[in-house]
Amino acid sequence: MPLLEAKHLGIAFGGLRALEDVNFQLEENQIMGLIGPNGAGKTTVFNLLTQVYQPTEGTIELEGKSIIGKKTYDVTRGGIARTFQNIRLFKDISVLDNVRIAMNYQMKYSALAGILRLPSYWKEERAMTERAMDLLSVFNLQDLAESKARNLPYGQQRKLEIARALAASPKVLLLDEPAAGMNPTETHELMESIQLIRDRFSISILLIEHDMSFVMGICQRLVVLDYGRIIAKGSAEEIRTNPKVIAAYLGGE
Amino acid sequence: MGFISQVINGLGLGSIYALVALGYSMVYGIVQLINFAHGDIIMVGAYAMFLLLTLAGAPLWAAVLGSILFCVVAGVFIERVAYRRLINMKAPRISLLITAIGVSIFLQNLSQLLFTSSGRTIPSMFDLGTLEAGSLQVPSGSIINILTSVAMMVGLSFLVNKTKIGKAMRATSEDADAARLMGINTNHSIAFTFGLGSGLAAVGAVLYCNTYPMITPYMGGLLGLKAFVAAVLGGIGSIPGAMLGGYVLGVAESLTKGYISSSFTDAVVFGILILVLLVRPAGLLGRNVSEKV
């Protein structure tokens, strides 16, 4: 059984059919790339997978259970976390608290224990902070834990978004253009970090990215979207030589 | 009365403004709504006190707790019924504002229907007489007000900065969409904020009734407006700002009463607002947000 499966997924905004008959499967521990020209509907797929939008047709199943109609926060709690194309950190909150906020729903202590500072509160808070620092250190952000998120340079804000999404303990991590605006060195580091977190947290990753060397270097499987439809699926090598894909990117007969 | 007593009295009055201002500020911070019905929560709290003390004959502590609890429930209920759908559908702010004004008028009319428009008198509550220290004479009410407001403020900062519901509130106020995608039930954090704000307004109502035992269905109007001024003066959205704004306003009022004329106090209060905003448009502790272009 695939970890995440979309079947005949489609959404229309008024008369515009933004996505039509989208089918794909994400296996456990797989890194899959979602590529396509601008406006192909890639971020819309993410918005459907997190139920920010409701699909007008088709189903999405996580571990065999439909997530359609769930609240966005329940989808996250169920195991799908994401980052954003345009960074959406909690800018005026510290780096550490950005990460800890995503762990909020996993905290078990009662409000009373929180107010009275019972041992259960301290124990959980300490464990949470340790885990948060650990996640930050994966991206080499541990020394910036107390800075406000807005004061981080761009590349580190992107990394912090990934750390924050990981803090929600996802089974599936959705990365929306994680390497956008990064220089080649940063991109290379990011590739290593993404492979590292896949192995360390045994999660599956679905990512949108325009940087082809990044996508080809890291993804075991690719799905290509164009005008809201899947035009090709396969390994990096198969996609690279697929005439439909070349036509979609370069224009063609 | 000496200058210092005037200032302490002003701080006592300002404490009430501050407690109510906190509700305006927190709600604005989380949903960018100026909740004009917030002032009327003071009236709701005052009438709840009145009913519990006179009709039900409840002991003072039970009346105070009951009134706070009632306001918390009322605040959450109002958010659920009147605002939530608008917030979740991302309605324009002006629709929310008009709804809030509607809720305010509704509450005033409802209370007029139930209790008539003539005022009621609340039986005296905690009165420890006048405290004296040397030549200094201060009514105990002012001291009680100041201590209560400071305690509330400490508790609130703690709640907002250190607890998980506080973190959820801050995340929701920064970016509700992103917060939902981090597993936070933003409806809960918004409802909690309304409940918390209303509870603080009820504490304000209790203190107000202790000092001015006359209550009417319209008492929330000017009191709420002044608390709103306090929130804007301090920098709306900022919790310490709301407190500071409340104290500044209270002291200004008290000094105007003492040294100029008691009929001139409101002019001074609103004059201060205009002056401060001319110099610091975001309020005393508000952050000037300059957009990068």
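Each residue, glycine too, has its Cβ placed from N, Cα and C.
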Original post:
Looking at the ranges B:57-75, B:190-208, which is given as transmembrane segment in TrEMBL?
Top reply: B:190-208
**OP:** Compare B:136-160, B:190-208, B:228-252, B:264-283 by their Cβ pairs under 8 Å to the transmembrane segment (B:36-55) and return the stretch that comes out on top.
**Re:** B:190-208
Original post:
In the same chain, who gets a Cβ under 8 Å from the transmembrane segment (B:94-116) while lying at least 6 residues past its ends?
Top reply: 31, 33-37, 39-40, 43-44, 47, 78, 82-83, 86-87, 217-218, 220-221
Subject >> Same-chain residues at least 6 beyond the ends of the transmembrane segment (B:264-283) whose Cβ lies under 8 Å from its Cβ atoms >> reply: 222, 226, 229, 232-236, 238, 241, 245, 248-249, 252-253, 256-257, 289
